[in-house]
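Structure first, then comments.
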Amino acid sequence: MVYLQKQDKEVFDAIKLELGRQRANIELIASENFVSEQVMEAMGSVLTNKYAEGYPGKRYYGGCEFVDIVEDLARDRAKKLFGAEYANVQPHSGAQANMAVYHTVLEPGDTVLGMNLSHGGHLTHGSPVNFSGVLYNFVEYGVREDTKEIDYDIVREAALKHKPKMIVAGASAYPRKIDFAKFREIADEVGAYLMVDMAHIAGLVAAGLHQNPVPYADFTTTTTHKTLRGPRGGMILAKAEWEQKLNKSIFPGIQGGPLMHVIAAKAVAFGEALQPEFTAYCEQIIRNSKKLAETLQANDVAVLTGGSDNHLLLIDLKPLGLTGKAAEKVLDEVGITVNKNTIPFETESPFVTSGIRVGVAAVTTRGFDEVAIEKVGVLISEVLHNLENEEVLADVKARVATLTNEYPLYPSL
């Protein structure tokens, strides 16, 4: 960042501070990851200068022959990665990917069945404060109160009762595997479209460690970061028959020019995900997640559903008499970054919450194995049991520093 340091020291200094934070902290926010240097290099390339409204071979601007190569690479790699007939890599985010799918087959006021936000769904799955809940008539399904897991019989009952035009599967805070084949059966029974939002688990799906929704869903959306370990962005996968309508929904429907530098970074990340090393990485994610859940429970910290099948888990703080807001703040002060999160049948506000969500994708990228993640689980437990004990917190902070120093991040930057 030689030029930035010279021309705009204020921005440069802020970036350096953030790099320092990422290096010094144990990053456990489930939606975050650390991209490779080559992904960042593609994002910072001259492609940021190019406008390219339209699609490869059908642009509304001249001079697109080279960005066409990049977008074709991204699309082809995405299709190979997930076994899809069609891929659109232009969505700027997962939310816009979801919006485009809704825009393609729904009319305002249509009924859609989606997962309750506090039970693990997402804002774009029908929250009343989101465009999805404003434009469409979303009805909810959730998890069982006893197991905190999806009960497909209850989903089926809701579908039969409400006769939705679309069913949305997928979650942002659900630690167990989702049976997309079962969702397909339910959708077929009521004549509904099935959209799967696999944003959080896309990397695990690509690695063959979670059921692939693409063969079952009419539409599959995802972000390209999180477990997929690419740049911040979105993507849509579908059957080839939807190509024309979905393309029009993205452009000119809800977006203008695509971000070609981000699409280049997506192509690089997809290329990385096609390598055997990525599968090994995702296998380590699963091992780390299970070990973290096991360690927390062994130290009297409640983990919802008793464990995890993916990269994240939810901690129920009610038995400890804590709120997510308080726990997040103190954990951050000792160098452990998590996010407060609602839990099923929540009694606190979304800004306070009764839980925290933790994910291991980023620390696994950093090189943490089961031995390291067990140490993390012990550190979290000590903080949660000693939220106001300054001596304990100071000791934890020192041990966090020792641990992060053992796993250097971006040493070349």
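Glycine residues also receive a Cβ, built from the backbone N, Cα and C atoms like all the rest.
Since this is a predicted model, take the numbers as computed values, not measurements.
The (6S)-5,6,7,8-tetrahydrofolate binding site feature in Swiss-Prot is assigned to Leu117, Gly121, His122, Leu123, Ser349, Pro350, Phe351; the stated evidence is sequence analysis. The site 'Plays an important role in substrate specificity' annotation in Swiss-Prot covers His225 and is backed by sequence analysis. If you look up Swiss-Prot, you'll see Lys226 marked as N6-(pyridoxal phosphate)lysine.
Positions of the features from Swiss-Prot, shown on the structure.
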residue	record	Cβ neighbours (10 Å)
Leu117	(6S)-5,6,7,8-tetrahydrofolate binding site	25
Gly121	(6S)-5,6,7,8-tetrahydrofolate binding site	25
His122	(6S)-5,6,7,8-tetrahydrofolate binding site	23
Leu123	(6S)-5,6,7,8-tetrahydrofolate binding site	16
His225	site 'Plays an important role in substrate specificity'	25
Lys226	N6-(pyridoxal phosphate)lysine	28
Ser349	(6S)-5,6,7,8-tetrahydrofolate binding site	10
Pro350	(6S)-5,6,7,8-tetrahydrofolate binding site	14
Phe351	(6S)-5,6,7,8-tetrahydrofolate binding site	10
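His122 ((6S)-5,6,7,8-tetrahydrofolate binding site) sits 15 Å from the residue listed as 'N6-(pyridoxal phosphate)lysine', taking the C-alpha atoms as the reference points. Across the fold, the C-alpha of Leu123 ((6S)-5,6,7,8-tetrahydrofolate binding site) and the C-alpha of the residue listed as 'N6-(pyridoxal phosphate)lysine' stand 17 Å from each other.
On a Cα basis, His225 (site 'Plays an important role in substrate specificity') lies 18 Å away from Gly121 ((6S)-5,6,7,8-tetrahydrofolate binding site). A coil conformation is recorded for Ser349 ((6S)-5,6,7,8-tetrahydrofolate binding site) in the three-state DSSP classification, outside any helix or strand. Across the residues the record lists as binding (6S)-5,6,7,8-tetrahydrofolate (Leu117, Gly121, His122, Leu123, Ser349, Pro350, Phe351), the two Cα atoms farthest apart are 16 Å from each other. Cα-Cα distance from Pro350 ((6S)-5,6,7,8-tetrahydrofolate binding site) to the residue listed as 'N6-(pyridoxal phosphate)lysine': 22 Å (rounded to the nearest whole number). Annotation note: His225 (site 'Plays an important role in substrate specificity') sits in a coil segment as assigned by DSSP. For His225 (site 'Plays an important role in substrate specificity'), the nearest of the binding-site residues by C-alpha distance turns out to be Leu117; the candidates were Leu117, Ser349, Phe351.
Taking CA atoms as the reference points, Phe351 ((6S)-5,6,7,8-tetrahydrofolate binding site) and Lys226 (N6-(pyridoxal phosphate)lysine) are 23 Å apart.
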